[in-house]
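K.L.:
Pulled these features from Swiss-Prot for this protein:
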type: DOMAIN; residues: 2-100; note: domain 'FAD-binding FR-type'
type: BINDING; residues: 51, 52, 53, 54, 68, 69, 70, 75, 76; note: FAD binding site
type: BINDING; residues: 220, 225, 228, 244; note: [2Fe-2S] cluster binding site
């Protein structure tokens, strides 16, 4: 069920250039699942559209959730100025979330993340660790300065970092590592740039438990306006799915990635 609540800012800090980590507190946290997102109103009357931001970490005991976002425009720049005690008008938790029920203790999971797509995978890794799943995370970034969440992710998974320019970790893309893995994962969870998702979608198209977290521009965020639709493979003229309502998580081989 989608709720509307004014969440309280507990803390905020810049963790990489233009990338901020914000902790929010409220009753809504009790309903959150890995892979879902919040649709947040910008506290500025001139900004009409809410911003969808993925949930990175969920602490239901403390009623706190962490979001991580990158400044992309005026709206997110305003978010970055908020202080502890400020309120944010949030709709959520929204989206279907990752399916973690398909994997059990003793099995292996592969987590593939790129850039600002890494945050929603942190809660995935945490929940898999709690289940006793052996998780292996491959995280790709542009350069050393852009690397985020390596230390936190390492608490729950074996982590390999790649950078495009080789300034940190292994030089290359996540595909450089994934193509050379010596094990077959029982489940795969991915989030990142379109190019990375296309790679994962193609490589694991026939895998029974491989999932992609997608991003599309949203307007209403409630499934009514169809501004965030994606096309189903093989049914391009017949069926659209809404990222806000039917996603943002889809199985590999299910949708057309533009």
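In case you wondered, yes, glycine gets a Cβ from its N, Cα and C as well.
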K.L.:
Mind telling me which of the binding-site residues 53, 68, 244 has the densest Cβ neighbourhood, counting other Cβ atoms within 10 Å?
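P.N.:
Result for the most crowded candidate: 244.
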K.L.:
To the nearest whole angstrom, state the Cα distance for the pair residue 53 (FAD binding site) and residue 244 ([2Fe-2S] cluster binding site).
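P.N.:
For residue 53 (FAD binding site) versus residue 244 ([2Fe-2S] cluster binding site), the Cα atoms are 11 Å apart.
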K.L.:
Between the Cα atoms of residue 76 (FAD binding site) and residue 228 ([2Fe-2S] cluster binding site), what distance do you get, rounded to the nearest Å?
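P.N.:
Counting only the Cα atoms, the answer is 20 Å.
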K.L.:
Compute the C-alpha separation of residue 244 ([2Fe-2S] cluster binding site) from residue 70 (FAD binding site), stating it in Å without decimals.
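P.N.:
Answer for this pair: 20 Å between alpha carbons.
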K.L.:
Over the residue list 51, 52, 53, 54, 68, 69, 70, 75, 76, recorded for FAD, what is the maximum interresidue Cα distance in Å?
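P.N.:
About 16 Å separates the two most distant Cα atoms.
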K.L.:
Have a look around residue 70 (FAD binding site) and count the other CB atoms within 10 A of its CB, chains all included.
P.N.:
17
K.L.:
An 8 Å radius from the center of the 51, 52, 53, 54, 68, 69, 70, 75, 76 Cβ atoms defines the neighbourhood of the FAD site; name the other residues of that chain inside it, in order.
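P.N.:
The surrounding set, listed in chain order, is 40, 67, 72, 79.
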